Amino acid sequence: MSLFNKSVSMFIDKVPPSTVAVFAKRYIAGPNLEDAVRVTKQLNAQGAMTTIDVLGEFVSNKEETEHFRDLAIKVLEAIDSHQLDANLSLKLTQMGLKLSKALCLDNIEKIFKRAKELGIFVRIDMEDSTCTDDTLEIYRNYRDEFNIGTVLQAYMRRTINDIEKLSDGRLNFRLCKGIYIEPRKIAYQEKDIVRDNYTYCLETLFKKKAYVGIATHDEYLVFHAERLIREYGLKRNEYEYQMLLGVDEELREIILSRGHRLRVYVPFGRDWLPYSIRRLKENPNLIKSALEGYLR
Ligand code: FDA
């Protein structure tokens, strides 16, 4: 990270939420489920699929987890009633993973059951490294009964071993670089190593006939994914690209125009602040150009 980007990153931590909101708008559908439905309809009309995510990460009691569980079920019902080309993304901490594993399992089972009744796929997002073991274990335990997948992070040193360990069953992963700040012992810090590990993991997953959501806006990785898709002779419905709402719409159009399927991650909700801060830290240039415009 350049000195400028580091400074902007520290600056973002200090600006008031009302200011972050101005920059964050592009990454979020809006505060309500209706916003996610509206944005999904627009994206579906443009030929993209979506995965809908209810924002909210820091739950402190059972009632809050149940609120988010019920909201996730409402998302499933909206996907069904509006006939959207969409699925659900879910965070285990929001379901109570850090409060009680039993509570978390109870909540996600209710969501998985409703999703199964409606024939909708659910993906469990991957959070920081304190959640990796639990997330992969839950995926392993439920993958036969329900139509679910989870996420692998290419910056994690363990990921290639995790792929091997999980290879005794159905494999459905979103592959991303990883967004949380992790120590060097746990995660590669060098951009080039993360990229190399991404293509290494992707090729390993293709060899194992996994279904992969290729989640990146890094055109270098988009290129290598396309190369591997050709080399392994994958059909259009055997993988998908994935991108975040509000990021590099031109690349989204390029991927779609090349005949690939692409899914956009569409977050909505009132708890938009931590998600938006992560996104802005990924793209300090947004703040830079705004400041330049302001100072001009
Ligand atoms: P990189 O960060 O190198 O970005 C490549 C280019 O994309 C940049 O040069 C810039 O042009 C553009 N770009 C990237 N971020 C931008 C932004 N915020 N605003 C504007 N432009 C931007 N992580 C995780 O740990 N767990 C998870 O479950 C998920 N889930 C997930 C779902 C989906 C659909 C995506 C696309 C990503 C995730 N991630 C994630 C986030 C992921 O780990 C990673 O942090 C981001 O995708 C950024 O990495 P890239 O591969 O895009 O490369």
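Backbone N, Cα and C define each Cβ position, glycine as well.
Owing to the predicted nature of the structure, the values given are computational and were not obtained by experimental measurement.
What TrEMBL lists as domain 'Proline dehydrogenase' is 38-283.
Under the DSSP three-state reduction, Arg278 (substrate binding site) is assigned to helix. Cβ neighbours of Arg278 (substrate binding site) (same chain, under 8 Å, six or more residues apart in sequence): Ile179. Here TrEMBL flags Lys91, Arg278, Arg279 as substrate binding site.
Every protein chain shown contributes to the tally, and the Cβ of Met126 (FAD binding site) ends up with 25 other Cβ atoms within 10 Å. The FAD binding site annotation in TrEMBL covers Met126, Gln153, Lys191, Thr216, His217.
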Rounded to a whole angstrom, what is the C-alpha distance between Met126 (FAD binding site) and Lys91 (substrate binding site)?
7
Annotated FAD contacts Met126, Gln153, Lys191, Thr216, His217, maximal Cα-Cα distance (Å, integer):
20
Fewest other Cβ atoms within 10 Å: which of the binding-site residues Lys91, Lys191, His217, Arg279 wins that one? Let me know.
Lys191
Starting from each candidate's C-beta and looking 10 angstroms out, tell me which of the binding-site residues Gln153, Thr216 has the most other C-beta atoms.
Gln153
